[in-house]
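Feature annotation from TrEMBL assigns active site, charge relay system to SER31, ASP108, HIS141.
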Amino acid sequence: MYDYVVKELPKVLTDNFEQLNTSCASIFGHSMGGHGALTIYLKNTDKYKSVSAFAPIANPINCPWGQKAFSNYLGTTKSEWEEYDATLLVKKCNTLSTPILVDQGEDDKFLAEQLLAGNLEEACKAAGAPLTLRMQPGYDHSFFFIATFIDDHIAHHAQFLKSG
């Protein structure tokens, strides 16, 4: 998926929509897609103006889902997993100036064991990376959660796309 999102998709869009400027792009996602958005952004801050995520798997090295996926796809050498973990990547990014926006439902049954938003928050603080982590009371991991706050994410990206 990484090559598709970072390389192939922008080329397809540019080839088919001449008026589209793919050098002025942002990225966001939900859950595992939120994790993907964060890691793609952190590896490509020169390609994306901003990032946001809904309930991302923020620290997959330290959660059962991530450990299962990484061991199946990347092997059992945990040091090789680090470049795919947003919490670890943000520690290496000491020049981030654009705030990362993350919305997380407080009632999300995956929050404590799988999503680990607090780990991302701690890593951002340690690295001096701006993070807006909004814990949303009464919300879980559902479409309703995303639908409620999507306008905020679009506005977040719009402000950086307009200035870029």
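Placed from the backbone N, Cα and C atoms, the Cβ positions cover glycine too.
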Quick one: give me the count of other CB atoms within 10 A of the CB of SER31 (active site, charge relay system). 19
Given a separation of at least six residues and a C-beta threshold under 8 Å, show me what packs close to HIS141 (active site, charge relay system) in the same chain. SER31, ALA55, GLY105, ASP108, LYS109, PHE110
Within 10 angstroms of the C-beta of ASP108 (active site, charge relay system), the count of other C-beta atoms across all shown chains comes to 21
